[in-house]
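Chemist: In case it helps, TrEMBL gives these features for our protein:
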BINDING   Gly147, Ile171, Gly172, Asp173, Tyr174, Val175, Leu176  S-adenosyl-L-methionine binding site
DOMAIN    1-76  domain 'tRNA methyltransferase TRMD/TRM10-type'
DOMAIN    117-262  domain 'tRNA methyltransferase TRMD/TRM10-type'
REGION    95-114  region 'Disordered'
Amino acid sequence: MRIDVATIFPEYLDPLRHALLGKAIEQGRLNVGVHDLRSWATGAHKTVDDSPAGGGPGMVMKPEVWGPALDDIAAGNTEGSELASALPHLNRPRHDELEGIGGHSYEPTGEDSSLPLLLVPTPTGKPFTQDDARQWSHEEHIVFACGRYEGIDQRVIDDAHKRYRVREVSIGDYVLIGGEVAVLVIAEAVVRLIPGVLGNKRSHEEDSFSDGLLEGPSYTKPRVWRELEIPEVLTSGNHGLVDRWRREQSLKRTFERRPELLAGAHLDKADIKYLEGLGWTSA
Ligand code: ADE
């Protein structure tokens, strides 16, 4: 996969070099380019924003800067912006290749799936979900356009449809100063699902949301810590009981914290009985 990010704060994206993403870069599974939007700005002051048409507070990012930037990035006409991994991981043996992660059937009709995917983080976008992360983990080329201030002139987004499949996405119902942190969030959620990047396949098959439920609690050794014991079933060696216990913990947590998710989850008879025992009633 290749990820390009256009931003007026390239250093904000430095965390992409570290940890999991840095490792993916080293493994050659990921290439990342971070591009300073100002290098497409013209004029003595390299201005990237202007006052909103129709008046009002804040500033809007200029189409004359974003247009050429997105044209060049789509065409691969960018140099010297390649991000190197910060990690010396290359010599570590790897024995955890992933396989069999579901294919994608996501494209709305009429879109050319060979076009790169342009993701524009904005609080007015569609909520980003684990399902998006799963689908986008199969993309060859994702470009992020980081807006600041009051956003990017809408014509940039409209025009970008000629060269990209465009998605405006929000990472939650709150307002950040700009899209950079959202890019870090989305990139991490997507890259960890690229086959081979994460340690083992089960760890994301059991992720929260992957079956529509939240994951339950986890424990490790020692068995007793500060007088608190690991739930007995987990040290019983009975895998059937462990699986059922985990399922119930997952149902219980989802019921307590995100009951609205239960409506969309696959529940069998035993799940429903357990939930009803907790006071859940299916609508
Ligand atoms: N930019 C500002 N706020 C945002 C949000 N909630 N999600 C994505 N991008 C943003």
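Keep in mind that glycine also has a Cβ here, set from the backbone N, Cα and C atoms.
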Chemist: Among the binding-site residues Gly147, Asp173, Leu176, name every one whose Cβ is found under 6 angstroms from ligand 1, counting any of its atoms.
Modeler: Leu176
Chemist: Give the residue counts of the domain 'tRNA methyltransferase TRMD/TRM10-type' (117-262) per reduced DSSP state, in the order helix, strand, coil.
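Modeler: Counts, helix then strand then coil: 58 helix, 29 strand, 59 coil.
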Chemist: How do the residues of the domain 'tRNA methyltransferase TRMD/TRM10-type' (1-76) split into helix, strand and coil according to DSSP?
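Modeler: For the domain 'tRNA methyltransferase TRMD/TRM10-type' (1-76), the helix, strand and coil counts are 33 helix, 16 strand, 27 coil.
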Chemist: Most Cβ neighbours within 10 Å: which of the binding-site residues Ile171, Val175, Leu176 is it?
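Modeler: The residue with the densest Cβ neighbourhood is Ile171.
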Chemist: Which residues of the same chain, at least 6 positions away in sequence, have a Cβ lying under 8 Å from the Cβ of Asp173 (S-adenosyl-L-methionine binding site)?
Modeler: Pro123
Chemist: What is the biggest Cα to Cα gap, in Å, among Gly147, Ile171, Gly172, Asp173, Tyr174, Val175, Leu176, the residues listed as binding S-adenosyl-L-methionine?
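Modeler: Max Cα-Cα spread across the S-adenosyl-L-methionine binders: 17 Å.
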